[in-house]
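Features as listed in Swiss-Prot:
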type	residues	note
ACT_SITE	Cys140	active site, nucleophile
BINDING	Thr11, Ile12, Gly110, Arg168, Gln302	NAD(+) binding site
BINDING	Ser139, Cys140, Asn141, His194, Gly195	D-glyceraldehyde 3-phosphate binding site
Amino acid sequence: MIKVAINGYGTIGKRVADAVAAQPDMEVIGVSKTSVSAEAYIAKERGYPLYIADLGKKPAFEKAGIEVAGDVEAMLKAADIVVDATPGGVGEKNRPIYEKLGKKAIFQGGEDHEVAGFSFNAHANYNEAENHQFARVVSCNSTGLVRIIHALDQAFGVARVRAVMVRRGADPDDVKRGPIDAIVLNPASIPSHHGPDVNTVLPHINIVTLAMIVPTTFMHMHSIQMDLKKETTREEVLKVFENHSRIGLVRKTMGIKSNAQLREYTQDLGRPRTDLWENGVFEESVSILDGKEFYCFQAIHQEADVVPENIDCIRALMGTVKDPQESIRMTNEALGLVAIG
């Protein structure tokens, strides 16, 4: 069993912890929090040993009825690998600790590529991970882009990508962020950071991205245009998506035309935390013009799509499963991830 420490038990960390616990070849040996919070109570309910950075705060946790297993360094020493799910920028500060302890670690998309030196996506570059001490799972938006670009590049070749990210303003529980009544260019200059982030995994892809933030919390929405190298049809493209375990199709017959309706659908499916781990490509939007111009809309659940990637990254870094498709199958099966549509 791979012993996994989750350093940072927040939006991503709590999901990765549950995903690790569901795997047949992994176990959660601890999670970390900096202060008493709702997530700390969830960790207690899940039975995850809770570690804190500052043992001076231990009385506050104990007063709240939450047992502290020790400090974060003790958790790290007991682990085979660390998933660093701390806020953006904190992972960079944590890296020297992992280096000192000789631990493999996975960072999230909030960190720069240079923090790990290797950015990861299970379908695109799984086999390149094994000889690295560190890896970075690209951001939620970049994960969604890499999945769909890589799938079409493998099938038809991709000459060029132009994509617009319509980004949610905040996560549902993040009451400190906005906007409440505005559309904010993010940034006003072109490109946004998403294209260069995609290039850390798919360096050969010509991609330009634009982004804006809107007053919603449920998901991001992408408007994507690709120039393909080979002529194809809409039907052939849909077959590629149907055969991809992490690209779901929002069928026209579902009547879903918004992120809110899609979230309701995942809730009705009984998905944990209403998570959409896969891309949600709107079938009705999938178009091929003049044989080589591809268009679509896709929804990306910012809290969830990187979760299975973290699980595969654990196996890839540890070298325990050599075949990417086998790891992906194991991860999906344990999570109950059957792509919608």
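Cβ coordinates come from backbone N, Cα and C, glycine included.
Known features from Swiss-Prot, placed on the structure.
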residue	record	DSSP (3 states)
Thr11	NAD(+) binding site	helix
Gly110	NAD(+) binding site	coil
Ser139	D-glyceraldehyde 3-phosphate binding site	coil
Arg168	NAD(+) binding site	strand
His194	D-glyceraldehyde 3-phosphate binding site	helix
Gln302	NAD(+) binding site	coil
Those binding-site residues listed as Arg168, His194, and which of them has the most Cβ atoms within 10 Å of its own Cβ: His194
Cα-Cα distance linking the residue listed as 'active site, nucleophile' and His194 (D-glyceraldehyde 3-phosphate binding site), given in Å to the nearest integer: 10
Between Ile12 (NAD(+) binding site) and Cys140 (active site, nucleophile), the C-alpha gap once rounded to whole angstrom: 10
Neighbouring binding-site residues, C-alpha within 10 angstroms of Ser139 (D-glyceraldehyde 3-phosphate binding site) - of Gly110, Arg168, Gln302: Gly110, Gln302
Cα proximity to Asn141 (D-glyceraldehyde 3-phosphate binding site), best match among binding-site residues Thr11, Gly110, Arg168, Gln302: Gln302
Beyond the site residues Ser139, Cys140, Asn141, His194, Gly195: chain residues whose C-beta lies within 8 Å of the centroid, for D-glyceraldehyde 3-phosphate: Gly109, Val138, Ser142, Thr143, Gly144, Leu145, Met165, Ser192, His193, Asp197, Val198, Thr209
Set of same-chain residues at least 6 away whose C-beta sits under 8 angstroms from Cys140 (active site, nucleophile): Gly109, His220, Ile300, His301, Gln302, Glu303, Ala304, Asp305, Val306
